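According to TrEMBL:
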REGION    1-122  region 'Disordered'
COMPBIAS  21-71  compositional bias 'Low complexity'
COMPBIAS  78-103  compositional bias 'Low complexity'
DOMAIN    165-249  domain 'Phosphagen kinase N-terminal'
DOMAIN    279-523  domain 'Phosphagen kinase C-terminal'
BINDING   282-286, ARG391, 447-451, 476-481, 683-687, ARG792, 848-852, 877-882  ATP binding site
DOMAIN    566-650  domain 'Phosphagen kinase N-terminal'
DOMAIN    680-924  domain 'Phosphagen kinase C-terminal'
Amino acid sequence: MADDAGEAVPPPVEEGGAVGGAEAPAAEAPEAGGEAAAEAPAAAQEETPPQAAGEGEQAGGEAAPAEAPAAEDPPPEGGAAPAEAAADGGEAPPEDGAAAAPGDAPPPAEAASGEGGAAGGEGAAVAAEAEVVAGFKLPKIEDAFDAWLAAQLEASPADEKDTDEFKYITFTELPPFTDAHKSLMRQVLTPELFEKLKGVKSSKGYTLSNGMQAGVLRPHLGVGFTAGDEECFELFKEVIYPIVEGWHKFDPATQEHKSDLDPAKVTMTEEQAALFQKYVKSTRVRAARNISGYSLPAGSSKEDRLAVEGVLKQAFEGLPAELQGTYYPLGGLTAEQETALQAGGFLFQKPGPMQLLGAAGAGRDWPEGRGIFHNESKTVLCWCNEEDQCRIIAMEDGGDVKGVFGRFCALSDAIKAAAEANGKSLMYDEKLGFLGTCPSNLGTGLRASVMIVLPELNKDVHKLEEICAGFDLQPRGSSGEHSAAVGGKWDISNKQRIGFSEVELVQKMVDGITKIIAMEEELAAKNGGGGGGPVGFSLPQIEAGFDAWLQGQLDASPADAKDTEEFRYLTFSELPPFTDLHKSLMRKTMTAELFEKLKDVKSSKGYTLSNGMQAGVLRPHLGVGFTAGDEECFEVFKEVIYPIVQGWHKFDPYTQTHKSDLNPENLTFSRGQQVLFDKYVVSTRVRAARNISGFALPCGANPQERTGVENVLKEAFAAFDGELKGKYYPLGALSKADEDMLQSNGFLFQKPGPAQLLAVAGAARNWPDNRGIFHNDAKTALAWCNEEDHCRIISMQNGGDVWSVFARFCKISDTIKAAAVSNGAKLMESDRLGFLGTCPSNLGTGLRASVMIKLPELNKDPHMLEEICNEFDLQPRGSSGEHSAAVGAKWDISNKQRIGFTEVQLVQKMIDGITKIIAIEEKLASNPGMSPMQALKSV
């Protein structure tokens with residue numbers, strides 16, 4: 001659970017896309033949540049393995065709800081099915097939740113650490129709730145597994161750590177893990193090892209089953225094991241050590257970790273200090289500390305939790321003058337204090353029942369014994385009893401890395417001194433370093449980062465990533481890893497956590513940033529910078545055996561007419577020997593027999609089975625794993641696509657048909673509803689994709705077809721009149737002023753990175769030719785040309801006039817349809833699948849109708865709001881995406897389904913559901929003692 005990154009499993013927002021945040025209404029996009037919003041603690045989330053850092057991205061702040069374009073939406077049932085990427089086609093949650101659109105304020109708290117969480121690592125993987133025992137709910141994963149799990153829960157003896165809300169399960173046998181379970185715990189735990197350790201218990205009562213519980217209930221976790229106290233690292237080392245080796249590439253059986261918290265040893269010359277002050281907007285250093293003798297949060301008793309809080313309060317009282325501040329007990333916050341902490345990004349929320357910390361038991365007895373400390377100048381921050389006993393963060397504006405690191409060390413020393421004054425010590429091990437709840441956050445557990453402005457290097461995101469990798473650093477753009485950075489502001493941090501001391505990691509960051517600044521200045525002096533990206537096609541590293549097979553397939557693949565200098569299509573000669581990491585529906589659907597049957601099938605435009613599989617083979621964490629290259633694919637490969645659609649959407653195209661209704665007059669939206677919406681709704685948006693029959697889709701298109709699509713769309717844009725009249729901006733011919741304007745409004749999309757869905761599927765070839773952006777003068781209509789689909793269309797405006805926004809959307813769609821017809825074509829549409837497009841996750845209506853709405857009362861319990869929204873087939877997203885809190889109580893709420901309902905029906909569901917939610921909000925505001933569920937029953 002480390003900082004935020006999450007385990008390399010994305011939240012299923014939508015599969016695909018090149019960049020996030022472009023869909024916010026003009027008034028909202030620029031915020032993107034800011035650093036505060038995006039890094040505001042939501043809930044714990046597991047860190048991306050250092051060696052894999054760079055697998056994930058997730059939009060944060062309002063940019064996330066504003067929805068990263070072209071991506072894959074969560075399965076309508078919210079089920080454990082495919083977790084997919086957000087905006088940038090990212091498939092792993094960002095490390096540190098720092099998907100922020102970096103702001104200039106001192107970086108506030110980080111999106112909490114840990115393996116799973118609100119901030120988004122696992123949104124889509126969060127399963128529907130099922131079995132309930134004494135207020136404790138099990139997820140729905142797969143029928144047979146669910147039945148086994150319910151029986152285990154029923155048979156489990158009482159655990160002294162149980163509460164009314166939470167129950168620890170005692171597993172009597174090794175769980176019959178499903179294909180969805182991908183954690184290192186699952187890989188390490190054999191029947192023999194389970195039998196050996198199942199009866200082992202620490203002196204504080206933490207068992208093997210306790211440690212496994214989160215990984216069993218949350219199948220998409222990457223680590224899947226939590227420690228409940230210090231003894232666990234010895235008692236369960238046969239589980240933990242292999243997990244550490246798999247996650248960190250550090251072998252605690254043969255290696256030792258060293259710590260060095262002497263800031264005087266960090267070397268930073270006056271010249272470096274001056275450079276950092278010029279380029280660096282803010283600096284942050286964070287890690288966790290735990291006190292020996294007390295349980296960790298996943299196994300803590302009330303007594304231990306309160307004792308930890310007592311030691312920490314003593315530490316805060318003993319801080320030097322510049323660090324003196326206020327401790328805010330979480331259960332005793334005034335409304336004003338809560339608002340101030342939330343606005344600063346300092347507030348953390350109770351973890352949801354299916355988030356890592358919730359599933360592991362760290363949310364018991366909430367909010368007792370939890371709290372937040374910050375100093376008067378807000379340059380130090382501590383969380384008490386969240387994922388670990390204490391998360392400490394030092395931060396400030398500017399580039400004084402030594403000063404920030406010195407402050408961090410002072411905090412650590414103060415906590416150590418307070419522990420010793422109570423006859424305790426910090427949890428530390430010579431092999432594993434500082435100990436904590438999740439094995440992903442051992443060693444130093446330290447993340448030292450700067451928010452830095454790099455306008456020249458920002459012109460080539462992928463080159464910057466390569467440069468950073470050379471210095472063992474990890475860059476994050478405005479929407480997380482592999483995304484562009486609005487304003488050229490990048491968050492860059494150390495990759496490693498264990499095997500290096502704190503001083504060494506901070507020094508690596510300082511030295512690497514110094515060299516990056518030198519490159520930036522060299523490019524600026526040449527008045528050019530940023531090129532077209534590296535030439536050549538490279539394969540990812542997944543597992544050694546699989547990598548060797550993949551290289552052999554690439555070497556043997558014949559030339560494909562669609563290949564370019566930068567990209568190659570592989571032709572698979574046999575069914576890929578999928579690894580445990582491959583979790584897509586394509587992998588589950590593709591049998592050896594089906595592969596043999598279809599491997600030589602080709603559409604008239606030359607798109608093959610191998611072409612469609614390529615993204616799912618090269619990107620193991622994709623949830624769908626198959627892309628369409630043209631309209632014929634939906635017929636020639638329907639034996640692959642139809643089961644994927646059924647698995648993702650719970651819609652069976654073999655037996656069901658889809659219908660469309662784009663007549664806004666069929667929508668019911670009363671004057672009374674309009675008044676309510678105008679009071680509560682900040683902005684409204686409707687979006688979907690349209691593709692033109694007769695042209696290949698972006699993953700299979702050649703330059704001529706891409707040009708043909710652009711010409712049809714330009715004809716449509718030219719036909720826009722009245723409020724839709726605007727301008728088309730070809731992506732390859734943008735002036736600096738146009739680029740800055742589009743980027744600041746959140747309208748600009750970038751070339752997808754080589755590890756993102758669209759890139760590995762071939763949709764980025766010949767970039768940026770024939771790609772472009774249209775928006776009307778009022779910036780209430782937006783269209784993207786040749787990104788994931790031929791055209792992504794978005795209608796949006798401030799306020800709650802849903803009818804007008806939907807009517808504008810329909811007019812855009814109708815105008816594109818008319819332009820296609822005038823060119824002897826039509827829109828891609830099927831009676832069974834609805835509107836067709838690149839990814840099976842975006843079929844049917846492909847429509848997302850959403851409002852950004854203020855709900856201060858319901859915001860007090862985000863998990864109850866999720867349950868209420870679920871009643872109305874709606875999906876809420878907080879400031880950092882699904883399952884996160886909402887800064888300023890602003891929630892993005894949208895329809896869940898995409899297929900099987902018409903556009904009018906889905907928008908109507910959203911209107912009716914939001915109307916009920918507003919009624920609930922008003923009942924709560926006028927009846928302080930009423931619970932949300934009581935309010936729900938009364939509306």
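The backbone N, Cα and C atoms fix where each Cβ goes, glycine too.
Looking at 279-523, 566-650, 680-924, the range that has the most CB pairs within less than 8 A of the domain 'Phosphagen kinase N-terminal' (165-249) turns out to be 279-523. Taking residue pairs at least 6 apart in sequence, the domain 'Phosphagen kinase C-terminal' (680-924) and the domain 'Phosphagen kinase N-terminal' (566-650) share three or more C-beta contacts under 8 angstroms. Burial estimate for the binding-site residues (SER282, SER850, SER879): highest at SER879, by number of other CB atoms within 10 Å. Summarising model confidence by region, the domain 'Phosphagen kinase C-terminal' (279-523) averages a pLDDT of 92. Within 10 Å of the C-beta of MET451 (ATP binding site) we count 28 further C-beta atoms, all protein chains included.
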